[in-house]
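Student: Once you've had a glance at the structure underneath, I'll fire off some questions.
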């Protein structure tokens, strides 16, 4: 028996030495055939060992070595696959087989296939499984981190960015009348200012949303807000209308990325039970931005004494001060964002595990210290990260110069954004994208269309009322009289003015028709909407007036002289309270959304996103029919407040649903695309509804009501995301 044992021990040691020598010679290039032969040899040796008696002191059943063999072989789980010289042995993958050794593309038995041997479909399937596992784990981690000081700090920082977006929407409408007059903008070009901003916001929403899925939420938001702040400040100092349009275009381009990036960023640090409510509270900052813009316009623009000039070439009026003040929320958000970390959910999505873990620990520790529990330990050690799939992008070889490298880099990023956007139309989010497109378009078309229609209708009613109070003077004869007071809302027909003096006076909405001015003097005259139609001027002197040639329609001049005529546009709205009235109406309309914001925040997680979205849009569509009874300014203002209060719940729920329906790798891209579509629908609504002002009420009412009700019904068909984790 003892001799048999010695023979078998020698056999085992000899087999081990032979296997070591073979592996040293192979150096990770041993093919499957060698592995298979070794495995067969090892199995035969193990079968021989298992024939031993059960009471053998040196061998145990199952083929494991005893104590002495353990020292040599290292058979524990921690060291399985390596011997004491860190040599590879049976069962471990040994690299790509060389030519002529076994079958191409085969790997060692018992090991998973490496990524380079898998096709893209298999890799995407594995990544999807990883993402589903990460979604569940991340929800538990966020719940462990709690909701506290960190989320509230980020809430106010992102709120400032959203506030800047609300300001940008209102600022153009408020400065447009003053900017048109200050820059002498012709009527044919005045509509470009409003449209150019929406065009910039449309392109910016798509670009910055896609970039946020490539470089990160914080980084994208920092850049886009910096672009907005820079060009907003610059636009307040430029003098030419073309350069002003250029600055407002890029200002809109920058702020376009605020909405998709802000909601994607904030949703990724909120637990499921907090997400709907706190995203709705975040929407209030857009309302605050509108109130801020209205209040600042009310307080600044009409104060024309806040202006200065440097010769005749540089004019800095109060509306430019208003533009600077409106850029302050943007600057504040940029400064505050520098102290905020990147979204940990995004970092996990791109495989940056350690950075994400550190930020999650920071969130946990910040909240625990605020709760008075600094001793509570962050228990998460390892977080699942999805499998990273490299994108193969062809790059030209001629990239030696810096501008070529920049061009290739920009083209690569744009191509990556486009690929991410196209994935929004892949299964399983394709149906959701189509439905969201319909809801976003209908809500934007109806809301922005009626939003521009309401003020225009109010202005039309004001104009009708103002015209109804016009005073007519016919066949009057005035001689040797000094006019030194204001004439307003008057029509003078077939009059004769002989040896009269018009000195230091103002004409506001005054028309002279078929009248004769003989031996008269016009001195220091300021006029607004004043015209002389088919009039005759004989031996008349004009000194320091703004009565330019276009104000004389079919008139004749006989022996008349003009001195120091003020050309260009003159801002002069003294005793004109229409500006105050416009700002006040917008202030009330924006303030009216406050109850809707509160209700939507409190009920978002109780009654559900879809019920609130569909119900709000249907009720808004029904409320449009009350516009039939809007025959006065006060009634139209009341309808405006009611309409805004009903639609805000739809906007809030739509923002929440959009964030929750898209996975992390295309959340900001999908949101950016839909927000860009929103701006396109807004421009279309402004054009259609604006052209119907003063013509008919039936078409705007029926059109807005139809699109809102249809959009609400489509919204009810979206998946309910109230109980789902963030994908």
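Glycine is treated like the rest: Cβ placed from N, Cα and C.
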Student: Given the ranges 29-56, 85-112, 113-140, which one is assigned the annotation coiled coil in TrEMBL?
Tutor: 113-140
Student: Kindly point out the range from 220-237, 346-363, 364-381 that TrEMBL annotates with transmembrane segment.
Tutor: 220-237
Student: Have a look at 556-579, 580-603 and point to the one annotated transmembrane segment in TrEMBL.
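Tutor: Of 556-579, 580-603, TrEMBL gives transmembrane segment for 580-603.
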Student: Cβ under 8 Å, sequence separation of at least 6 from the ends of the transmembrane segment (698-718): give me the contacting residues as numbers and ranges.
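Tutor: Distal contacts: 432, 435-436, 438-439, 441-443, 445-446, 449-450, 453, 610-611, 613-618, 620-622, 624-625, 627-628, 650, 654, 657, 661, 688-689, 692.
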Student: Would you kindly list the residues that approach the transmembrane segment (279-301) from elsewhere in its chain, counting only those six or more residues past its ends and only Cβ-Cβ distances under 8 Å?
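Tutor: Same-chain contacts beyond the ends: 155, 158-160, 162-167, 169-171, 174-175, 178, 262-263, 266-267, 270, 318-319, 321-322, 325-326, 329, 579-580, 583-584, 586-587, 590-591, 593-594, 597, 600-601, 604, 648, 651-653, 655-656, 659.
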Student: Do the transmembrane segment (671-692) and the transmembrane segment (610-629) share at least 3 Cβ pairs under 8 Å, sequence separation 6 or more?
Tutor: no
